[in-house]
Amino acid sequence: MGTDNHCSKHVFVTGGVVSSLGKGLTASSLGSLLKARGLKVTMQKLDPYLNVDPGTMNPFQHGEVFVTEDGAETDLDIGHYERFLNENLSGQANVTTGKVYSAVIAKERRGDYLGDTVQVIPHITNEIKERMLAMEEGHPDVVIHEIGGTVGDIESLPFLEAARQVRHEIGRENVFFLHVSLVPYIKPSGEMKTKPTQHSVAALREVGIQPDAIVCRSERPIGKGIKSKIALMCDVEGPAVVSCPDAPSIYLIPKVLHREGLDAYVVQKLSLFFRDVDWTTWDDLLDRVRKPRSEVTVALVGKYIDLPDAYLSVTEALRAGGFANKAKVNVVWVASDSCATAEGAAQQLRDADAICVPGGFGIRGVEGKVGAIRYAREHKVPFLGLCLGMQCAVIEVARDLAGIKDAASSEFDSQTPDPVIATMAEQVEAVAGKADLGGTMRLGAYPAKLAKDSLVAELYGTTTVTERHRHRYEVNNAYRDRLEQAGLRISGTSPDGGLVEFVELDRQTHPYFVATQAHPELKSRPTHAHPLFRGLVAAAVGHAKAASKGAAKESSTKVADK
């Protein structure tokens, strides 16, 4: 659409009082609203931790690693951005302190600074600014930057200073600061307190930033009196104080922010040309969210279920599969260890209409994943395996159908006599500890060719697909013939046929048994469910209906007997 003056406008989203307020969802929702107004929008996450990327971080601490098309290992908020914008982002959408310092130190070693004393200001802040302004490539109308952490944290200061300098350099009329803050409700007194927000804004002012608008996160809607008080004490206009209470679905947040007038206020302050919001696609989504025609239970069998964010994209992809089928998906978290025995698997999975086994690393919980897959196969419960989930499916079939009793992965047992899952040739040094672990896996989008009459080809509607990957191990080609003879169909491979990408069981044998080496959840969108997840939920709906009919028939038989 274009803007006046500077080619791109910049919106900086900061957070105050506590972490995990929903800055990422707020930023994503604003981005979706601006895009629905006809503006070209892109987004960036600025993380203050010293890790270069989250690729080697513990999932229990950080949550999932979101892999972009170009192979960058990024923060899970990038997943929110892609899902809400319905666009792919690149690795430059995630900047960490580790990346910034690594780049600055490398420049110092090369002599790029010509003998200068390298300091946080200006060298670190200049590097951050370069990465902020690099988002203008492609000439977006708006760049939304989310600054991680909480205002007042030492780690965030260089990013806040860089944002302040960007405003100074490109003009105040081209920059908008949006602060997300907590307004707690004190139950004994029945009051909502504004003091934490006042202190948070005061801390922001100390670094030279006055917010243009404040999004107030709370348990319940904020009344006009509280809004007026925040506007007065924090020196923002009345319409700039936005109430954003907890919502039953994250996909309702854009509606909440629009009703509060945030998107209209932003485009007004930034002098953006825009149209009214086109709700066609989003309203259809919300109709599916609010009015499901059926309900299914999907068991997600994982190692990191104590932190659901470790599987954020998987759960959102399952829900999107539900939206596509007008079904409500209830995700039941199952610790993989609990499925290691047949009895344990039966107890945990007997009520599941479908089973999803996602990715992971390390030996813990693997036998439980194999046990869950065995249960899915034997009881004909719809199954989808992702990355390690596919590898475990291959191990299960090798052991129980192909008679390879010692089948295992070289990741878990380097001495196994039957490594049906083996280390990729280019990953041997990294696995042996002779190369860096960070950023060295098979990462990013890779093509695959699908067998013409396969279930996966039918689901995708094509025989050529591209999916994102993150792995070091692969199906051992030495066992492919034995696996296929046992009934496991290799339905998709790399274009040269050398790497197994998809496996499945014949539909005459099992209603839906599909697994992939890829991470298809990373390409799913709430408005465009991924074919594999759409297919899984469709099969789950069929399974639930069959189970319901079976239960009804059994009940009527008992009545007749009486």
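A Cβ is built for glycine as well, from the same backbone N, Cα and C atoms used for every other residue.
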Same-site CTP binder from K45, K107, K227, K229, given that Swiss-Prot records S19, D153, I154, E155, K193, T194, K195, P196, T197, Q198: K229
Binding-site annotation, Swiss-Prot, L-glutamine: partner of G360, L388, G389, M390, Q391, E411 in R290, R293, R472, R480: R472
Candidate from D75, D77, D112 that Swiss-Prot assigns to the same ATP site as S20, L21, G22, K23, G24, L25: D77
Overall pLDDT for the domain 'Glutamine amidotransferase type-1' (297-546), taken as the rounded mean: 94
Per-residue Cβ crowding (10 Å cut-off), top of recorded positions I154, C387: C387
Residues flanking the ATP site, with Cβ no more than 8 Å from the Cβ centroid of S20, L21, G22, K23, G24, L25, D77 and excluding those residues themselves: G15, T26, A27, H80, E146, V180
Greatest C-beta neighbour count within 10 angstroms, which of the binding-site residues K195, K229: K229
Proximal residue to S20 (ATP binding site) among recorded positions K195, T197, K229, C387 (C-alpha distance): T197
